[in-house]
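Take a look at the structure set out below.
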């Protein structure tokens, strides 16, 4: 998975910018913006890597000697490092606007390597700065810009905005047999809308969302004039992919889940969001169909889902009523998924450092 980055301006964003000459060229001019250090620590824990990018007009010239810049800058970096704030890179353009160089913000020369394919997670990377040129840089990079201001968008607000969970994914899967559109919101509940053309299957998918504590919208157009095979199978593939994408870097998730009794049935579900697809399934049914859903397709659905989601899934149910047996499997999976996707911290739940 590609990396999340924050490209952060220096003067006026990390540290205060002197209004007299816009140069931090003496130690007494060095002052940190409020809450910048604790918020950057919080953002690092949330998985962001930090890159400083700054225009320093005329750096190295008589109007702004390098030595005058180096003292306060090095002290600033030492303070950041001593508090645990680590910048992967510090990118500096020393030119004046009149020089018409390639590296001055909002041009992208300094950040070209991050624009290579899959070098960064563009959907979750940001430019943070106090000037319009910082927002223009974000536009040129194809990422979101956040314009820092002590009153309207300060570091506390930025930290809250960037660490607030709203895990979402949208998957479209089109084949000759099916056209499927799936959206999932892992941190929202209710208002799920599901239409696969197979009524009982819709009801079962809704059980996953309801007991999983999340919202999803699924629309399927399948070759039901033949049977429900492709509709159920491809829905499982698309839903599994959407859940995997919505989980993102999996940082802070519980990872494991277990459960569930239902009426005369006892369903057991064990789930590990491991990155290793595997299904163990045991369920017997008296009839070939429950409503308009083929009972043989239930295992196929969970196998397809576990494959694209990348999870280890054990499912088992016993009971007397086919409807209850089927429903117990979907409810147990939903309830188990609720436990596993819940966020309880900010670390990756793996001794290997990867899921």
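Start at 1 and count along the chain as shown; that gives each residue its number.
Any Cβ shown, glycine's included, is placed from N, Cα and C.
Note that the structure is predicted; figures quoted are calculated from it, not measured.
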For the Mg(2+) site that Swiss-Prot lists with 9, 11, give the additional residue from the candidates 121, 130, 139.
130
Of the binding-site residues 93, 95, 103, 130, which one has its Cα closest to the Cα of residue 11 (active site, proton donor)?
130
Subset of binding-site residues (93, 95, 101, 103) lying within 10 A of residue 9 (active site, nucleophile), CA to CA, in sequence order:
none
Can you tell which of 9, 11, 130 has the most other C-beta atoms within 10 Å, given these are the recorded positions?
9
Return the single residue from the binding-site residues list (93, 101, 103) that has the minimum number of other CB atoms within 10 Å.
101
